[in-house]
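**Student:** Okay, handing you the structure first.
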Amino acid sequence: MTSETATGAGAAAGGAVRAYLTGHLREYGLLIALVAIMVFFQILTDGTLLRPVNITNLFLQNSYIIIMALGMLIVIVGGNIDLSVGSVLGFVGALAAVMIVNWQMPVWMTVIACLLTGIVIGAAQGYWVAYWGIPSFIVTLAGMLVFRGASLWLLEGQSIGPFPMEFQRLSTGFVPDLLPWLGEALAALAGVRRVHGLTMALAALASAAILWLGLRARARDRAYGMELEPAAFFALRNAIVIGAILFLSWKLATFRGLPNVLVTMAVLTLIYAFITERTTLGRRIYALGGNRKAAALSGIPTERLTFLTFVNMGFLAALAGLIYAARLNVATPKAGFALELDVIAAVFIGGASMSGGVGRVVGAVVGAFIMGVMNNGMSIMGIGIDYQQMIKGLVLLAAVVFDVYNKRKQA
Amino acid sequence: MHPLLEMRGITKTFPGVRALDNVNLTVREGEIHALVGENGAGKSTLMKVLSGVYPHGTYEGEILLDGAPVAFRSIRDSEARGIIIIHQELALVPLLSIAENIFLGNECARGGVISWRETWARTEALLAKVGLDEAPQTPVDRLGVGKQQLVEIAKALSKRVRLLILDEPTAALSEADSEKLLDLLLELRAQGVTSIIISHKLNEVRRVADRVTVLRDGATVATHDARAETLTEDMIVRDMVGRPMENRYPPREERRAGEVLMEVRNWRVAHPEHAERIVVRDVSLRLRAGEVVGIAGLMGAGRTELAMSLFGESWGRKLAGEALIEGRPADISRVDRAIAAGLAYVTEDRKELGLVLEEPITFNVTLANLAGVSRRGVLSRREEARVAERYREAMAIRTPGVHQKVVNLSGGNQQKVVLSKWLFADPRVLILDEPTRGIDVGAKYEIYTIINRLAAEGRGILMISSEMPELLGMCDRIYVMCEGAIVGELSADEASQERIMSLIVKHRRQAA
């Protein structure tokens, strides 16, 4: 529905709009693709996809992929890749299980120890890449094998669980409703049984913030003569985004409210989007990936920066490992197997370039959701894992081919 | 002499641009035909049409070879007819041997099995022809640019070339290697090879070409007899830029040198991989405020290596030496420290080392001084745009806007972006390495004007250039470098091409 409106508007308007559209086809394309895929599966699953319980599930299932995609985006923008994240996720989950279940250590201490472990793992891999110039593909391929083996060794080939409630809440817990009166009022108004007030309040706040920031950026672009997004596109894009936020929040609010992981994920996404787009640190990472030699000769400490991208990736992989283990409520030797491929695919679907210097946090998150919705939708429909993998592979290829095709057309 | 090649009424358009507009070019059998014009005049496009990179049907007009029309669909087609292009960026595989490169795609093989005996024998014959004394098995990456150029020519000869096209063959070569190459071209002509040479260096054009065609803004302006006594370089330049150029170097208001800004003492640097090779030998030099000081020398004299090692030890391993800035010892052991000490280095290779091509002007201009457009690590887009806008005006960067990616700018404008980047870091000392390489005549003049302005502001400029006229036209003093050492120092009044060369030759003779 929405995608038709968007293309219709583009065709109707003049040449300037068309020029803008071809220049930014990728960004709109991603958003439109996500909406289209959701609509597609909503129809094919007879409305199961967007049921409150499934939406909650969707966030829980994809949280760890999105969290790792944030780190992977930065690694890839910096001109490297990390193949070890699936194994690191599994290893950290195993470590948490051993510490909590076998050794009876307190949860807070385990969480801190696990995150530190992730940082050390990232540093150990980043060291070889940054200071020895060993290709990251090789270093992290080694890491992938090492940490897969290490988790097998830690778990002695067994599954360890279950975790205490306190640890499970990392993933499956929900934020308590701090605004029950708002919830009751909304419930009465809509004639439903209950509404999570805080969820709707935050959704409204987020929507207002998106609109306000968008308008402010637009005013700035106009003042500095930057290429301006046509007003209709701006309105349509924001309508889709805000509409989606309100719609999904409503669904969540009428179920159990905000899952803890959704909050973690949203906060991390905001932080990383800010770092990559608004800080000198982020700017340096783009310069590093865009032209390492030029960056070095501009006084940018390229080695230390490369090192830090891996440290950060290790930290996020460890966090994802905790969330993953908490969600499954058990640590298994196979946890996170081949997950790195989903994460990397999400980043490339989101528009990052293999050669570095290109890619955005928002793109990676949307890319992860595209993968997530497809996984979820196909599972609901009962499509076998065999077909699922083939379809996901083709979608990844299609997204990158679309990128390259676009670039050629512009050149 | 009948024409070997005729290109008639060639028109080539890209979306929004008419790159070639009714261009005519006639090349006679057995001549050396020079093609000159500013960057963007359409020389390369014309050669791409000729060689089939732009296949028949994507342009208007016709191409006649030996009087008969031809329709090339790919480079393969044109090579089959003996038309061979040697591009500015050499197309050799660095890790393969000379012989493997020469016969790449054209191997001396039977049923897919290579006959090395035949390959090497034929390579030796070809190398003798181009005057390159190297074994056929030598890997190409062990050769300097000059010798690689000769390998390219040998490769062309292996394909029974009738028309050899050289795109700026001497741009990366030292004076001596350039001479050798030009001699080779004359020799090939004597053997009946026709060639087209694209060049910015008019003295070379005068030396080898029989005729010269000038392109401007995608159209043929004129074809001159290059042997005519009446033809002057100024006439060619006038055709190229469309206006008379009285002076190729801007005048300087007054030459007044201030106190010593930078002093380097006994700087000694070894090769990064071969520790025993000393590439910079005990170099000492001084630079005063308001001075433009040149470093002359041949390719491989160690000038770029000296500059890069001074700039944060970015090249090689420093063994000894100290640097003083404004009289005090300065820590320039890392690039960020060198920048903090007031140094800037504009690299020889702006695409590889100077710019992030896929990013806009704003990004590139602020890259060496992000602190100048941020507060507590948070960038201000507004400030960034303001800074870029300021330099766009000051440097006259021609662009639709400061948010344009630098990959879309011409060479001269890209160079202005690099200069802007360094000026925004506000250095006291600028080291400029080949600041006008690959830039057309008009833009060169602008760069020179900017350099003079910077000196007038009291900065010190250290300028490395392989074009001696440029050093003579711009510098207050010139250091002459040879084999890693400074072998002489000449004031502007003393300096001449002859004196520089004689210093180098004398040093070499002593060393030998």
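Numbers here mean position along the shown chain, with the first residue as 1.
Using the three backbone atoms N, Cα and C, a Cβ is placed for every residue, glycine included.
Unlike curated records, TrEMBL annotations are generated automatically.
TrEMBL feature annotations, pasted as is:
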TRANSMEM  A:28-45  transmembrane segment
TRANSMEM  A:57-77  transmembrane segment
TRANSMEM  A:83-101  transmembrane segment
TRANSMEM  A:108-128  transmembrane segment
TRANSMEM  A:134-154  transmembrane segment
TRANSMEM  A:174-192  transmembrane segment
TRANSMEM  A:198-219  transmembrane segment
TRANSMEM  A:231-252  transmembrane segment
TRANSMEM  A:258-275  transmembrane segment
TRANSMEM  A:305-325  transmembrane segment
TRANSMEM  A:337-354  transmembrane segment
TRANSMEM  A:361-381  transmembrane segment
**Student:** Could you give the residue numbers and ranges of same-chain residues that sit at least 6 residues beyond the transmembrane segment (A:57-77) on either side and whose C-beta is under 8 angstroms from one of its C-beta atoms?
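**Tutor:** Long-range Cβ neighbours of the transmembrane segment (A:57-77): 85, 89, 136, 171-172, 259, 261-262, 264-265, 268-269, 272, 276, 285-286, 289, 309-310, 312-313, 315-317, 319-321, 323-324, 327, 339, 342-344, 346-348, 350, 352-354, 356-361, 363-365, 367-369, 371-373, 375-376.
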**Student:** Counting only pairs 6 or more apart in sequence, are there at least 3 Cβ pairs under 8 Å between the transmembrane segment (A:134-154) and the transmembrane segment (A:258-275)?
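**Tutor:** Counting Cβ pairs under 8 Å (6 or more apart in sequence), the transmembrane segment (A:134-154) does not reach the transmembrane segment (A:258-275), since there are fewer than 3.
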**Student:** Under a Cβ pair cut-off of under 8 Å, which of the recorded stretches A:28-45, A:305-325, A:337-354, A:361-381 contacts the transmembrane segment (A:83-101) most often?
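**Tutor:** Top-ranked stretch among A:28-45, A:305-325, A:337-354, A:361-381: A:305-325.
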**Student:** When you scan the chain for residues with a C-beta under 8 Å from the transmembrane segment (A:174-192), skipping those not six or more beyond its ends, what do you find?
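**Tutor:** For the transmembrane segment (A:174-192), the list is 198-201, 253-254, 256-260, 263.
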**Student:** With Cβ distances under 8 Å as the criterion, find the stretch in A:28-45, A:108-128, A:258-275, A:337-354 that has the most pairs with the transmembrane segment (A:305-325).
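**Tutor:** Answer is A:108-128, with the largest number of Cβ pairs below 8 Å.
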**Student:** Sort out the residues at least 6 away from either end of the transmembrane segment (A:258-275), same chain, that have Cβ-Cβ distances under 8 Å to it, and list them.
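**Tutor:** Result: 56, 59-60, 63, 66-67, 70, 73-74, 169-175, 196, 198-199, 202, 252, 281-282, 316, 319, 323, 327, 360-362, 365.
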**Student:** What residues in the same chain, six or more past the boundaries of the transmembrane segment (A:28-45), come closer than 8 Å to it by Cβ-Cβ distance?
**Tutor:** 1-3, 6, 21, 233, 237, 240-241, 244, 349-351, 363, 366-367, 369-370, 373-374, 376-378, 380-381, 402
